[in-house]
């Protein structure tokens, strides 16, 4: 496992990354990346979309055709297997929509937004709402005041620092995140930045998340998700509710769980800092993310799992070039690069029980604006 550190008395996975000003600039990293990595290919981008739709269609065909023929004991096993893999490849499709929001799909903004709007609407994600809140996340990564998502709890939050600060509480919080985190984030901005005024929702055009020029697109987003919901309703009326739950509903639930898992693990780790306004700067914030290894699921997720750091540094690089870009900048990043290949189930449990709240370290009796996870 390749993990950077500054303190030798902590377990390897908990070794802290440096928080001093890096000895390199963003321009140094950009120069190290091969020129072709910046090129967005319509052929390769559409090939990724077609790959996802072909696999999703094949999984649907196999499940709808053969699982109903199985004896009930085998069907009870086959359906969850289908839900898991279909959810994983729906997450891959979600990744394509996310890439469109960064204009990494093609050179044409209208095409990026068209493809992103379609694929995200099909999987109940508010494309434009997420695009704009995600923009704020990239602009303020790991700022405890201005980041848009996964804002850590403070020690003063007694619910987390005392009541839930135990294995049972950690497990209940994890299950809640996985099952309900996706809809609650988009509908009520759970785990998101707290705004002083207004209804904070990715579906509300007048939410403080957005500016006036973006509100019509949020309305379009609502129509796209509503159209998908209506299509699901009509399918249930024709094919039956149980059929819709098995074929579409449960895979969407698994996809939403994968979404929470990926975003949580990329931004939650015992070794990465968060900063307040006295210490935060863009480059150190972008570097305070973690690359993970999801094993065979890397394929389903277009390998964004192992290239999240370079994505935060250069979000317009398409996913099929990010691995090469990562390898190009790693020698420059050195100990500022964080990769943790701890098995995912083990990492989930470790981060859930060890990353409860953040607190600043004391230096010469004073607390600085650099915060670390504690339990």
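Sequential numbering from 1, following the chain as shown.
Note: Cβ is positioned from N, Cα and C throughout, glycine not excepted.
Unlike curated entries, TrEMBL annotations are predicted automatically.
Note that the coordinates shown come from a computational prediction; the quantities given were computed from them, not determined experimentally.
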TODO: Look up transmembrane segment in TrEMBL and report which of 5-27, 74-96 it refers to.
DONE: 74-96
TODO: Could you check which of 224-244, 245-265, 266-286 is flagged in TrEMBL as transmembrane segment?
DONE: 245-265
Open item on the list: Labelled transmembrane segment by TrEMBL, one stretch among 42-62, 189-209. Can you tell me which?
Closed with: 42-62
Open item on the list: Applying the under-8 angstroms CB criterion, which one of 42-62, 74-96, 163-188, 245-265 scores highest with the transmembrane segment (108-130)?
Closed with: 74-96
- [ ] Quickly jot the same-chain residues contacting the domain 'Fatty acid desaturase N-terminal' (18-59) by Cβ under 8 Å, restricted to those at least six beyond its ends, or write none.
- [x] 4, 6, 82, 85-86, 89-90, 92-93, 96, 99, 104-107, 115, 119, 273, 279, 281, 283-284, 287, 302, 313-314, 316-322, 324-325, 328-329, 331-333, 335-336, 370
Open item on the list: Just to be sure I understand, if DSSP states are collapsed into helix, strand and coil, how many residues of the domain 'Fatty acid desaturase N-terminal' (18-59) fall in each?
Closed with: 29 helix, 0 strand, 13 coil
- [ ] Take the transmembrane segment (163-188) and find every residue of the same chain, 6 or more past its ends, with a Cβ under 8 Å from one of its Cβ atoms.
- [x] 125-126, 129-130, 149, 200-203, 253, 256-257, 259-261, 264, 348, 352-353, 356-357, 375
